[in-house]
Amino acid sequence: MTQAVLGIIGGSGIYDLPGLEGAHEEVIKSPWGEPSAPLRRGTIAGLPIVFLPRHDKGHRLSPSDINYRANIDVLKRAGVTDLISLSACGSFKEEMPPGTFVLVDQFVDRTHKRESSFFGRGCVAHVSMAHPVSPRLRIHLAAAAEAEGIAIARGGTYVCMEGPQFSTYAESMTYKTSGYSVIGMTNMPEAKLAREAEICYATVAMVTDFDCWHPDHDAVTVQDIIRVLTSNADKAKALVARLAKDFPREHEPCPIGSDRALDTALITAPEARDPELLKKLDAVAGRVLRG
């Protein structure tokens, strides 16, 4: 079996990962451009960890400016088998107040300015996104949260908006009445690209606010978010430490096939594939392209 390598993408408020033993910076070049930041490698409880701050240190990148393809590509090149996204979000549910960690199981993509696939002209592929989150990772995350006494909600739909502005009241009410659970700005196309790269993916959506739908709460502001972010970031780091301690040391096959998503996805005939695009796909799709 393959050794498990746990990737952590840190969202707003999580720009480093204390507790990494043997921590060192690693710069990996990507044919898809510059990732958000150099990777931080190390171990926690003996488990290989690769950390990437999504917005760079100091929160230099807005959600629309992040090079999601380069981020996923360098994580794949670093050997990551399982990827956890730590992401701030707003809540549409009374039962998911600020401070709650939501283990979402579905996404709705409302972004419109981002490159959302590694594939395209010269090599077309269609991966399934019916079940975008690894149920195995959600089970491990739930167990880790319970062990740390962290309030979690199991399941929910994350709607990803383009940003960087927050929602209008009409938008917020539309999302709430649609039955969505939380709203954020970063998990799409990240989850789609992780699937194309055959990396098992799960999100911990960390609630900071009620967006602007709630009659008893003011419209969300950056100041409000920062106040909750500090507490959420501390809990997230404790969650990662516990997860790493109990995580299997060998990569477990994904029950929904995330780690073999390209087996039936490629549609372009081999003789019609663009050699230049294939070079860029060496890490993401090398398993099937070389086979």
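Glycine residues also receive a Cβ, built from the backbone N, Cα and C atoms like all the rest.
Cross-referencing Ser12, Ser116, Ser117, Ser128 with the phosphate binding residues that Swiss-Prot gives (Arg54, His55, Ser87, Ala88, Thr186) picks out Ser12. Sequence-distant contacts of His55 (phosphate binding site), defined by Cβ-Cβ distance under 8 angstroms and a gap of at least six in the same chain, are Gly11, Ser12, Tyr15, Ser36, Leu61, Ser62, Ile66. Here the Cα atom of Ser87 (phosphate binding site) is found 13 Å from that of Asp209 (substrate binding site). Asp211 (substrate binding site) carries neither a helix nor a strand DSSP state and counts as coil. Other than Ser12, Arg54, His55, Ser87, Ala88, Thr186, the residues of this chain whose Cβ falls within 8 Å of the Cβ centroid of the phosphate site are, in sequence order, Gly10, Gly11, Gly13, Ile14, Pro63, Leu86, Gly184, Met185.
Calculated from their C-alpha atoms, the gap between Met185 (substrate binding site) and Ser167 (site 'Important for substrate specificity') amounts to 11 Å.
Of the recorded residues, Phe210 (substrate binding site) and Thr186 (phosphate binding site) place their C-alpha atoms 17 Å from one another.
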